[in-house]
């Protein structure tokens, strides 16, 4: 499973963004925060990969037409949804299970009030904090999308073999600068994991010369049978897996980045200074990631008649 690079913001969401508030459910669903917090904590304790899975689903959702829970919609015989796109095939089930658990509990407490988009955004923030990352504000009031089309995905997500030029262009086209891009990639990958098939070309048959030989040996053993077992995975931060910290940037400076696109961030003069900054300053990394995530979470949000509050997160209310 790769964490393709994505997201970003600005004038297109100004009107909708203004309608979001931190206390949106204070009167209509006062239990919202506690429900999301408790279920997120329980799920992460039971299945430690939940945080990485949910953060990735959140990014994949926001990158394609905004943070509107469109990635949660299952395909039908009449519509190929975003989940039909090949990159999204590897989105982990723990994330979807978490959202379903929270939605079920919220519907029992406050029927027809809380959107799936708000659940996904809030659960993602909570899981970042649970794994050691910074707390950031998540204003609420998003509506859920009315559509989810596979054809919308291609232009917004990048693959693990993307060049730095392509990554920068994707981010800048949506309003983020190079620093935002580096901190978001690093934050997404510090607790992330990837299927062996996504980086196998870096170790088989001839190792990538930019990869640390010790890492090549370790991954070669771990992924030796990847062609027969497509679920075989590796953590993207091989030294501090599952912990939200700045170790991934330190890894890149030692040549132990699992993804080629990550390792390129240290070799390109436009991105290298930020890799060095975050490797040497954990506080700067946490602060910049929090600021960037606040921007991501309000990217092209839907409001009013632009969306709805779904009864089920995997299906629009009326087909």
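In case you wondered, yes, glycine gets a Cβ from its N, Cα and C as well.
Per TrEMBL, the feature active site, proton acceptor maps to 60. For 61, 64, 66, 68, 70, 82, the entry in TrEMBL reads Ca(2+) 1 binding site. Residues or ranges marked as heme b binding site in TrEMBL: 189. Here TrEMBL flags 190, 237, 245 as Ca(2+) 2 binding site. Under the heading disulfide bond, TrEMBL lists 29-110, 62-67, 116-313, 196-223. Residues or ranges marked as domain 'Plant heme peroxidase family profile' in TrEMBL: 19-317. If you look up TrEMBL, you'll see 1-18 marked as signal peptide. Residues or ranges marked as site 'Transition state stabilizer' by TrEMBL: 56.
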C-alpha spacing of residue 60 (active site, proton acceptor) relative to residue 66 (Ca(2+) 1 binding site), in angstrom:
9
PLDDT averaged over every residue in the domain 'Plant heme peroxidase family profile' (19-317):
95
Beyond the site residues 190, 237, 245: chain residues whose C-beta lies within 8 Å of the centroid, for Ca(2+) 2:
186, 189, 191, 240, 241, 243, 244, 246, 247, 248
Cα proximity to the residue listed as 'heme b binding site', best match among recorded positions 62, 196, 245:
245
Given the recorded positions 29, 116, 190, 245, find the one whose Cα is closest in space to the Cα of residue 61 (Ca(2+) 1 binding site).
116
Listing them in sequence order, which of the recorded positions 29, 56, 60, 70, 82 have their Cα within 10 Å of that of residue 313 (disulfide bond)?
70
Rank the recorded positions 64, 67, 110, 116, 223 by how many other Cβ atoms lie within 10 Å of each Cβ and give me the one with the fewest.
110
Measure the Cβ-based neighbour count of residue 313 (disulfide bond), defined as the other Cβ atoms within 10 Å of its Cβ.
21
Nearest to residue 190 (Ca(2+) 2 binding site) by Cα distance: which of the recorded positions 60, 68, 116 is it?
60
Round to a whole number and give the Cα-to-Cα distance in Å for the pair residue 223 (disulfide bond) and residue 237 (Ca(2+) 2 binding site).
16
